[in-house]
Structures are given as structure tokens and as C-alpha cells.
Amino acid sequence: MSYSLYLAFLCLSLLTQRTCIQGNQVNVEVSRSDKLSLPGFENLTAGYNKFLRPNFGGDPVRIALTLDIASISSISESNMDYTATIYLRQRWTDPRLVFEGNKSFTLDARLVEFLWVPDTYIVESKKSFLHEVTVGNRLIRLFSNGTVLYALRITTTVTCNMDLSKYPMDTQTCKLQLESWGYDGNDVEFSWLRGNDSVRGLENLRLAQYTIQQYFTLVTVSQQETGNYTRLVLQFELRRNVLYFILETYVPSTFLVVLSWVSFWISLDSVPARTCIGVTTVLSMTTLMIGSRTSLPNTNCFIKAIDVYLGICFSFVFGALLEYAVAHYSSLQQMAVKDRGPAKDSEEVNITNIINSSISSFKRKISFASIEISGDNVNYSDLTMKASDKFKFVFREKISRIIDYFTIQNPSNVDRYSKLLFPLIFMLANVFYWAYYMYF
């Protein structure tokens, strides 16, 4: 019995020892595998100089970029800029960071301070910042072949030169340009990783006043005094949504013009009604013109398309008020002429009778006795008209004929013609306006 227990205890001891040995061998193999694929950062960067670029003194570092446009929060016409939040990803190969295996590992963002990274900056940026909540929004990832992926989340405000001459039917072209600050083309070469496909997110953006029509990427060279620098350009076109402005400005201004035409159907004798309509429409049009410029600075020197249309509408509204002034004045003149008519006729008859009755005696009274004769000199000044008086008489006669030619004989015709001409000319002005600004 005791012999059997001894044999069982011996077998159990041998089995336990063998299992421990096999377990230690497995742990050693796993640790060795991890050490080969995921080396310690200190061992990997031993002798690493972050102040020297990869291939220092040799071929330039080729950096491939991709962009994700998270949002375009604002587009300011007054400041000529736009604000966007982007995810910038850069890839390059650093032979000093090669390790065995086919795996990759992500480092803590704070370790980027110990590695060389490109000095990429955004050209024409007014202000930019890196997001820091809850930690710095940066990512650094190492691959076994030495490839480094460096990603950043940035919000930037970039200049965008705008041509507002066709506002609000304009299309603006904005750019986002990336370039190395200190390394020229002999040290760093930038490129888009997948061409136009390197940029994502623009097609999904929904902007308040704009629609993104198209975008494309370019690679150019920036020539500066310090050298030639590779520049990556993202160019995109923004077309303004005109429907908002049609409802806010164009429709109200058109209604005011039509409202001013109501006075053509009101009698000329209704002075308060027609004057009230004319003055009210003029003041309303002025208020609308001032309100349309509140979104743009007063120093803006552009004559915009919306200003042209509001100017046209204001001209028609003010013209309707002047039309009533002309018609009313002509009506008063006609009434005055009618009142003076009988008296003037009797006056002309009396004068004619006096002249006819006195002309014979007038002829008899003219004698050569009134002519002063002194030797051979004869003074005819009392019998002839001076040249200056004759010129004045002819000039007054011409002016009188011109005034009579332009005098409105029937003031009611002014309203009758205005009912046709004002709408016709306004429609023609709209046809030319929309055709020019929409298609030219």
C-alpha cells in the first residue's frame, strides 16, 4: 500500500515538472516574439537624432498626405476667409525606425516629441490651432518597414479672395495649400497619396449659403528666395444659394415696384392717396437697400448684382412718384389756361380793335419832322429796331415754341401711357439683368 502511494507521488511530481518546463518555454517564445514585433521605444530610438531628417544628406524625404474635411464652419465675405476643421494625415519612411515583423503599433501622442516630423504649415492661414481636448489630438503610428503615420486635428482660418461683383449669384474659388516651412525641394517632397481621392468629406458637407460644386488637387512648386518648395493645393468651388436672397430681397423689392404702379389707376385729384403711395414705396425701398448691405462692410467697394437690381427697383419707384408730379402739374396748368381763356380772347379783340382804329392816325402822325437832320447826318434810331432787341424777340419766340411743343395737352394721357410703359420697361430690365448675371 505504501509502495503504491510512493509510485503515484513520483509520477505526479515528474508530470508537474514537465508541464512547468513546457510553460516556461512557451512564455519565452511569446516574449521573444513580442520583442521582435513590438520593440521597446527606448531600444528603437537608441542613437536616434530627431533634429536630422531621414536620409540626411541624401535623397529627399517623400511625404504623402491625405485630408479629411470635418466641417467648414463659416465663410466670411467681409473678412475674405473661411474657417475649416480638418484631419491632416502625413506618411513618410524613416529607415532608422525599421524593426522586424509585419506589425504596427501606435505610440502615445506625447512621444512624437522624440521623433522627426515634417514642418508642414498651411499657406495663407490667418490663425490655426491644434485641438487639445481631452489630450492633444495627435496620432503617431510606426510600421515595421519604417513608415510613420502622423495625424493631426486642426481648425484653421484661411484667406479666400472673393469676387463679389455677381453677389448673390456668384461662384467663389477657395484654396487650402500645404507646404514645408523650412525644407525645400531638395530635402522634402510632398505629394497627394491618392490624387483627388486623397481628400474626403467635402461631398458630404452641408453649408448654409453655399453648395460645393467641385474640387481637385494640385501639386505645384513655390519659388521663394530661400529655394523652391513643393506645395500641395486643394482647390474647391463654392456656389452661393440664390434662393434665400430671392425670398429675402428680390421678391420684396419687386412687390414694392408693382405697388408703386397702383397710383396710375388713382385719379389725379386724389393728391393725398397718390402722394402717400409714392412716398411710402420710396422709403420702404430705401430701407430694403440699407438692410441688404448689413452683411457686408461699409468699406466694401464692390458694386454687386443685388445693388444693381435694387437700384433698378428704386428708379422705378421714384419714377412713379415723379410721374404723378408731372401729371398733376400739367393738370394744374391746363386748368389755369382754361380759366384765362375768355379774358385773354376779349383782351386780344380789344387790342386788335384799338390797333386797327389807330393805325391810320398812327401813319399820319409819322412825319419827317421827328427826324433830326443836321447837315448830311440823319438819325433813324426812332424808326428802326435795335439788333439786340430783335435777337431777344426771336429767341423768346423760339423758346415759346419749344415749351409749347413739350407741353402736355392732356394730362390724363400721362397715366394712360405709364400703365403700359412702366411694366414693359421693368420686364425688359429683368430679362437683361437675369440673363447677364446668370449666364455671363
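Glycine too: its Cβ is placed from the backbone N, Cα and C atoms.
Now, the feature entries from Swiss-Prot:
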type	residues	note
SIGNAL	1-23	signal peptide
TOPO_DOM	24-241	topological domain 'Extracellular'
CARBOHYD	ASN43	N-linked glycosylation site
CARBOHYD	ASN102	N-linked glycosylation site
CARBOHYD	ASN145	N-linked glycosylation site
DISULFID	CYS160-CYS174	disulfide bond
CARBOHYD	ASN196	N-linked glycosylation site
CARBOHYD	ASN228	N-linked glycosylation site
TRANSMEM	242-262	transmembrane segment
TOPO_DOM	263-270	topological domain 'Cytoplasmic'
TRANSMEM	271-290	transmembrane segment
TOPO_DOM	291-301	topological domain 'Extracellular'
TRANSMEM	302-322	transmembrane segment
TOPO_DOM	323-419	topological domain 'Cytoplasmic'
TRANSMEM	420-440	transmembrane segment
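Feature annotations (Swiss-Prot) mapped to structure.
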{"residue": "ASN43", "record": "N-linked glycosylation site", "Cβ contacts under 8 Å, 6 or more apart": "none"}
{"residue": "ASN145", "record": "N-linked glycosylation site", "Cβ contacts under 8 Å, 6 or more apart": "THR93, VAL98"}
{"residue": "CYS160", "record": "disulfide bond", "Cβ contacts under 8 Å, 6 or more apart": "ILE75, MET80, ASP81, TYR82, GLN172, CYS174, LYS175"}
{"residue": "ASN196", "record": "N-linked glycosylation site", "Cβ contacts under 8 Å, 6 or more apart": "TYR215, PHE216, THR217"}
{"residue": "ASN228", "record": "N-linked glycosylation site", "Cβ contacts under 8 Å, 6 or more apart": "ASP184, GLY185, VAL221, SER222"}
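With respect to Cβ pairs under 8 Å, the transmembrane segment (242-262) is most closely packed against 302-322, considering the stretches 271-290, 302-322, 420-440.
Fewest other C-beta atoms within 10 Å: among the recorded positions ASN102, CYS174, that description fits ASN102. According to its DSSP assignment, ASN43 (N-linked glycosylation site) is helical. DSSP assigns ASN102 (N-linked glycosylation site) to coil in the three-state reduction, outside any helix or strand. Residues 277-278, 320, 323-324, 327-328, 331, 411-412, 415, 418-419, 422 of the same chain lie 6+ residues outside the topological domain 'Cytoplasmic' (263-270) yet bring a C-beta within less than 8 angstroms of a C-beta in it. Residue counts for the topological domain 'Cytoplasmic' (263-270) by DSSP state, with H, G and I taken as helix and E and B as strand, are 3 helix, 0 strand, 5 coil.
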